[in-house]
Amino acid sequence: DCIPGGENCDVFRPYRCCSGYCILLLCA
C-alpha cells in the first residue's frame, strides 16, 4: 500500500501513489 503523494513509493524513481498502488509517472 501507499499514501497519496508518493511518500511510501520508490523515492529514486518517478513513481506516484494511485488508488493504493505505486505506478510510474502519472495516474491514468
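Cβ from N, Cα, C; glycine included.
According to Swiss-Prot, the protein carries these features:
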| type | residues | note |
| --- | --- | --- |
| DISULFID | Cys2-Cys18 | disulfide bond |
| DISULFID | Cys9-Cys22 | disulfide bond |
| DISULFID | Cys17-Cys27 | disulfide bond |
| MOD_RES | Pro4 | 4-hydroxyproline |
| MOD_RES | Glu7 | 4-carboxyglutamate |
| MOD_RES | Pro14 | 4-hydroxyproline |
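Counting every protein chain shown, the Cβ of Cys2 (disulfide bond) has 18 other Cβ atoms within 10 Å. In this structure, the CA atom of Cys9 (disulfide bond) is 7 Å away from the CA atom of Cys17 (disulfide bond). Counting every protein chain shown, the Cβ of Cys22 (disulfide bond) has 15 other Cβ atoms within 10 Å. Of all Cβ atoms in the protein chains displayed, 12 besides its own lie within 10 Å of the Cβ of Pro14 (4-hydroxyproline). Mapped onto three states, the DSSP output places Cys18 (disulfide bond) in strand. Take the disulfide-bonded residues Cys9, Cys18: by the count of other Cβ atoms within 10 Å of each Cβ, the lowest one is Cys18.
Within 10 Å of the Cα of Cys2 (disulfide bond), the following recorded positions from the list Pro14, Cys17, Cys22 place their own Cα: Cys17, Cys22. Between the alpha carbons (Cα) of Cys22 (disulfide bond) and Pro14 (4-hydroxyproline) lies a span of roughly 10 Å.
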